[in-house]
Amino acid sequence: MNGTSTMMDFLEEPLPGVGTYEDFNTIDWVREKSRDRDRHREITSRSKESTWALIHSVSDAFSGWLLMLLIGLLAGSLAGLIDISAHWMTDLKEGVCLAGFWFNHEHCCWKSHTTFTDRDQCLEWRSWSQLILGHGEGAFAYILNYFMYVIWALLFSLLAVLLVKGFAPYACGSGIPEIKTILSGFIIRGYLGKWTLIIKTITLVLAVSSGLSLGKEGPLVHVACCCGNILCHLFTKYRKNEAKRREVLSAAAAAGVSVAFGAPIGGVLFSLEEVSYYFPLKTLWRSFFAALVAAFTLRSINPFGNSRLVLFYVEFHMPWHLLELVPFILLGIFGGLWGAFFIRSNIAWCRRRKTTKLGRYPVLEVLVVTAITALLAFPNEYTRMSTSELISELFNDCGILDSSKLCEYVNDFNSTKGDDLPDRAAGPGVYTAMWQLALALIMKVFITIFTFGMKVPSGLFIPSMAVGAIAGRLLGVAVEQLAFYHHDWAIFSGWCSPGADSITPALGGVVQGCPHALLAGGVTRMTVSLVVIMFELTGGLEYIVPLMAAAMTSKWVADAIGREGIYDAHIRLNGYPFLEAKEEFSHKTLAMDVMRPRRSDPPLTIITQDSMTVEDVETIINETTYSGYPVVVSRESQRLVGFVLRRDLIISIENARKKQDGIVSTSVIYFTDHSPPLPPSSPSMLKLRSILDLSPFTVTDQTPMEIVVDIFRKLGLRQCLVTHNGKLLGIITKKDVLKHIAQLANQDPDSILFN
């Protein structure tokens, strides 16, 4: 020690706040990982010392599975609550149950004693005109029902948008683009918080019930991730480590899809294929467990009363014919074209919303879109019903007792064998249903473009599936009737089973199982998880091969027109710092072309290891906005020692001034093991070696950028230092990489909004 100069090794104990991150910053995956490994090593070594330490070690290992169990239970319960409430409130627009206002239409009529001919009416359920006027017939009754439908729709959507605007602005949209960004290591505080969870759950029910062209699937992933994030706070291991928390969120996303579609395996694959950035094998098993528990919980609640996890389950076991691949592939092409058209139109509209006055009036926009949707939807029975019910109706394979318009075929009961209805001409009901469905298709296609991205929770899967299911049903009936009237054509003769007097084209799959998958595939560019979700949803294992062919066709067609899926397009529109792992970097640039400072810039801001005072460092912090600073041996040598984060410096200096005697503005800060020699009269020195990252990632100035981009993607780096012959030259941050990629793609590099 130098005479009277006392010196403490400050920060032997970690300070609260050191090693944490500010809002809108990227986490350092490498540092988080090494901290977790250190923690794990310490627990393992202590476990041999005492029984209590061994119990602590076992509970630490078990905590991940316990957390998955809790996430599954909570996500499943919330999904059941959302399903039941949305079902009831959707029916509330058309009428009310006299037996108990809390029953929806279907539950209300379960106890009803109706004859077979009156099976579509039940006395307990009253429409608004029957309740107010006493009768349900005539023009005035129709107008009153129409008026009540629009008023309820406007009321629900107004409540939803006001709650989002007032309490949780992050609860709007689908949430998947932001969750992808968060899982890639970005921090958006409050996005997965308790207020967002509460408001998203309530407003999702309101938005779905208002009849807007949106689904609840995307928002359910957001809800499940909120559950995961909130429950992480119960366990120190996950609360204090951002990288570990992201493993939990990946599993929570799988649980969200599991309850949205009743597809646990599809959920795990969705998390792996679409949202996760880092997905180790351990996370795969835990995702599987969380998805299983969530699906089991939802099945126990039984929200639809049919012992299924979804409203539109279908069982179809007829074998398919090779020629049927043609309509499947045609639907795949339609799906790809619609996907590309939807993404371009929706992004153009969202950009307009962002850059014009339109964005200032979210409440008005929601009300206008709801009013237009409700006014157009009510006259057509296929748009009046909820989208889930519409898909359920379209999935329906016509039996002999069906009263649906879609099943009004001309029956010849002499030729029928049992309940099997082979060749039948379409009756007037089918033709009416066809043009109503064609109108519904046009309306859904266009209204969804304006709905997705408004300030209410909105998913994209269900509207895409509806568009696909309508297209599939139209194509299915067209081919079926063609086969009926022209069964002598060579193309159809192969479909006849020998000895049968009928053409039985196995069109059920075209009509039901497949098309919506292709449309969702065209929009989101998912393939594997979508096919799995579709066969879990429809039980159509027979149709895996046509489904795969259709999903691939859809993806190829959509990729040929534009490379981005809808979620990636929204990430780019919002300027989130997301480094896409699927894109290839094919340009021949070097690290020196991208690093800062450039030739015209002022020199790099650095801190020396043992010659700067507290005042010098505070001046640097106040004059710059960088997230961290390289530490070098001296200004002359520029030899690199390590890297220190701005936030850690601020917290450590503030704490030292309060708690350590003799720390003043002229105190020297040093990052070495031993204090530098100073005169006896100098004030106490401040040792900050413990906050210094001694192994920052470095590349040389001649490193090709494709390798640098790969390093950033695979290791999840925040920054990388550039050296030349061992001397520090500059720094490349994740934002610099993103700007460089944007520049090479002829996009505006300043569109990367966040630090």
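The backbone N, Cα and C atoms fix where each Cβ goes, glycine too.
Automatic, uncurated: that is what TrEMBL annotation is.
Across the range of the domain 'CBS' (595-659), the DSSP-based residue counts are 24 helix, 17 strand, 24 coil. Annotation comment: TrEMBL describes 595-659 (among others) as domain 'CBS'.
If you look up TrEMBL, you'll see 685-751 (among others) marked as domain 'CBS'.
According to TrEMBL, the feature transmembrane segment maps to 62-82 (among others).
Long-range contacts of the transmembrane segment (139-161) within its own chain (CB-CB distance under 8 A, at least 6 residues past either end) are made by residues 89, 92-94, 127-130, 132-133, 203, 206-207, 209-212, 362-363, 366-367, 370-371, 373-375, 378-379, 384, 454-457. Annotated transmembrane segment per TrEMBL: 139-161 (among others), in sequence order.
Annotation comment: TrEMBL describes 195-214 (among others) as transmembrane segment.
As annotated by TrEMBL, transmembrane segment applies to 220-236 (among others). Same-chain residues lying 6+ beyond the ends of the transmembrane segment (220-236) with a Cβ under 8 Å from its Cβ atoms: 63, 67, 70-71, 74-75, 78-79, 82, 174-176, 178-179, 182, 192-194, 196-197, 200-201, 204, 245, 248-249, 251-253, 255-257, 259-260, 275, 294, 457, 459.
According to TrEMBL, the feature transmembrane segment maps to 248-272 (among others). Within its own chain, the transmembrane segment (248-272) is flanked in space by residues 64, 67-68, 71-72, 75-76, 79-80, 179, 182-183, 192, 216-217, 220-225, 227-229, 231-232, 238, 278-279, 283-284, 286-295, 297-299, 308-310, 313, 459, 461, 526, 528-530, 532-534, 536-537, which lie at least six positions past its ends and keep a Cβ under 8 Å from the stretch.
Sequence annotations record features per position, and here TrEMBL assigns transmembrane segment to 322-341 (among others).
Residues or ranges marked as transmembrane segment by TrEMBL: 361-378 (among others). The list of residues near the transmembrane segment (361-378) in space but at least 6 beyond its ends in sequence, with Cβ under 8 angstroms from a Cβ of it, reads 145-146, 149-150, 153-154, 157-158, 160-162, 165, 210-213, 353, 384, 443, 447, 450-451, 454-456.
Per TrEMBL, transmembrane segment is recorded for 433-454 (among others).
Per TrEMBL, the feature transmembrane segment maps to 460-479 (among others).
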For the domain 'CBS' (685-751), the number of residues DSSP places in helix, strand and coil:
28 helix, 21 strand, 18 coil
